[in-house]
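What TrEMBL says about this one:
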REGION    1-58  region 'Disordered'
COMPBIAS  44-58  compositional bias 'Polar residues'
DOMAIN    66-149  domain 'GDP/GTP exchange factor Sec2 N-terminal'
COILED    67-151  coiled coil
COMPBIAS  156-172  compositional bias 'Polar residues'
REGION    156-197  region 'Disordered'
COMPBIAS  184-197  compositional bias 'Polar residues'
Amino acid sequence: SRVSFEEESQNPLAVGHWKPLMPSKGDKEEPDSGCQDAGGVEEPQSTEQLNVSRLRSSSVEIREKGSEFLRDELHKAQKELKLKDKECERLSKVREQLEQELEELTASLFEEAHKMVREANTKQAAAEKQLREARGKIDMLQAEVTALKTLVITSTPSSPNRELHPQLQSPSKAGFRKGHGRNKSTSSAMVSAASQNVAPEPVSRECKEVDSILFAEFQAWKESPTLDKSCSFLDRIYREDVGPCLDFTKQELSELVRVAVEQNTLTIEPVASHAVPLGKVAAEECGGPKKCALSGLPRTCKHRIMLGDSGNYYYISPSCRARITAVCNFFTYIRYIQQGLVRQDVELMYWEVMRLRREMSLAKLGFYPSEM
């Protein structure tokens, strides 16, 4: 029995031998010497190659499907981007159109408002002229009525007026008359009244002529409008109009006012009934309701100004307010021209600038409307 067991242990059967199909990388297959035949060795190798080929084919298929899916997604994203680009382009065109319409509307509104103001000023001037003529006629008629009353009252039965009754005149005086006599009391009264109250002369129509030098400077400035006072157009206006108009007794405050007007940070408001705020500046520098801060003279101040956001108010007289307002109106108009809001003929713009310059000159000389 021991001999048969040893024989069996030395010759094991090859049919019952097991071998893993997928050995690990660390393990090394050792050939079994004389235990396997040729058919048993080729079968695991063919199985392993089949599994590897299947894995390769599946990975290639997965890769192709993934790339196809990514291509589809890319096409979808490109289509969405094109749609969004078209939408953005459409919205930008709509925005540009709205901005252009808004700019045109603003310009037309400004021109209409300017036209209305000009028409109102013309109507006001015509009404004032008619009022002056009517008052002259009323004064003349009143003088005539007064003269007639005087002639009638002075002619009584006890002492008749010989002008009203020429038949009572002496023959020597009556001899000088030729033809029949006529009552000239009314005509004499009218002549005397007319000599006392002369009718106002009609206002002559204003004539205008373009100055070639000023117009050339304005045209050069209009081609590239700027607020830089180094150009010849603004330099002349600063020297001849703006500088003298804003030249007040208080030099330091005048300079601050000029800078605030140029920067468009000056505020003018009517004087309220509340107490005077002093702020950081002394009361005598700020002036008061009875003293102008710019001229330093005792004047009734109906308005006050504030420079920027300082919070300090300066009380100004009506004359100073008219001068500041005239300069502000000029700067406002040229700012509108610079921003492209005034769409008129160059000559019309030029005459409007000349009118604003005339207002500055009149305000400098002390002329201002009564409502100031």
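Any Cβ shown, glycine's included, is placed from N, Cα and C.
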Predicted model, mean pLDDT over the domain 'GDP/GTP exchange factor Sec2 N-terminal' (66-149)
89
May I have the DSSP-based helix, strand and coil counts for the residues of the domain 'GDP/GTP exchange factor Sec2 N-terminal' (66-149)?
84 helix, 0 strand, 0 coil
